[in-house]
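Asks: So that we are looking at the same thing, I have put the structure below in structure tokens.
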Amino acid sequence: MGHSAAVWDYRPAHELTSDWNGNPYVILRNPQGASARISLHGGQVMSWKNEHGEELLFTSSKAVFKPPKAMRGGIPLCFPQFGNCGSLEQHGFARNKVWAIDNNPPPLPPNDSNGKSFVDLILKPSAEDLKCWPHSFEYRLRVALGADGRLSLISRIRNVNGKPFTFSFAYHTYMSVSDISEVRIEGLETLDYLDNLFHRERCTEQGDALTFESEVDRVYLSCPNAIAVIDHAKKRTYVIRKDGLPDVVVWNPWDKKSKAMTDFGDEEYKHMLCVDGAVVEHPITLKPGEEWTGRLEIVVVPSSFCSDHLDLHKVRF
């Protein structure tokens, strides 16, 4: 009989290496063969593969892997600003900075480590960062890979400043899909959303599920803690669970905008979809010494399992 996940020696199951540009990254593995790759540039999950070696995250064939530019794909971290709704660069600076491995992080609950391969990273502002955003913070990130292949990210942002600060946030998750026209999202029905294609006009989702026939750039508000992204062609479903992240951003650039992006292939919009756990409508304000935590967990299941057994409104961490 094999060892159970509860006694799997999880912590040594990660390794530190570097890519062809010399950028360091961490690889997480589980006993079944699933893996995740996290770059120290941006603290960005670059790859997430199941036990069969299938890539579950999208990365553009034209992505630039050289700092300081963020890589187009994976899971960029948008902090302390999401999008262009502030004075900072698009999506903030965290995704463009070099993170460090945190060898002595404050403890997390046992469920966030038991039976998981994980790495802890930390970002603190540089003197350059403080010039454009004058707030001292500690941003701790744990990326974990479960024995069943699920990927989880836990962000802990603490105010170590002498005054309050406010930020918005998103896990800008690029999912790999077979054909965007064969994808639907369940769990967002009847919700209000801000439509970025129409000057952030507030609308209400009318359909039973969200499907895709043209460009979509929306922020769904006050969302449930779980949604499902169903890929009919591959007969698999991404189940996204979140905590501390009330909003969900949904984005696909479609054909016209794809052709305008230098780090994105003209036809690649057909094979990707961004679905982000986010804090956008009501940014977080932290007083000195306060800490915010935002959790994201993604698991891939057969679509038949999801439809028959998963009640999204009852999902909990």
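Positions of Cβ are set from backbone N, Cα and C atoms, glycine also.
Sharing the features that TrEMBL gives for it:
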| type | residues | note |
| --- | --- | --- |
| BINDING | Arg72, Gln90, Arg95 | substrate binding site |
Asks: Around the substrate site formed by Arg72, Gln90, Arg95, which additional residues qualify by having Cβ within 8 Å of the site's Cβ center?
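Replies: Leaving out the recorded residues gives Lys69, Ala70, Met71, Pro76, Cys78, His91, Asn96, His172.
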Asks: Can you tell me how spread out the substrate site is, meaning the largest CA to CA distance among Arg72, Gln90, Arg95, in Å?
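Replies: Farthest-apart Cα atoms in Arg72, Gln90, Arg95 are separated by 13 Å.
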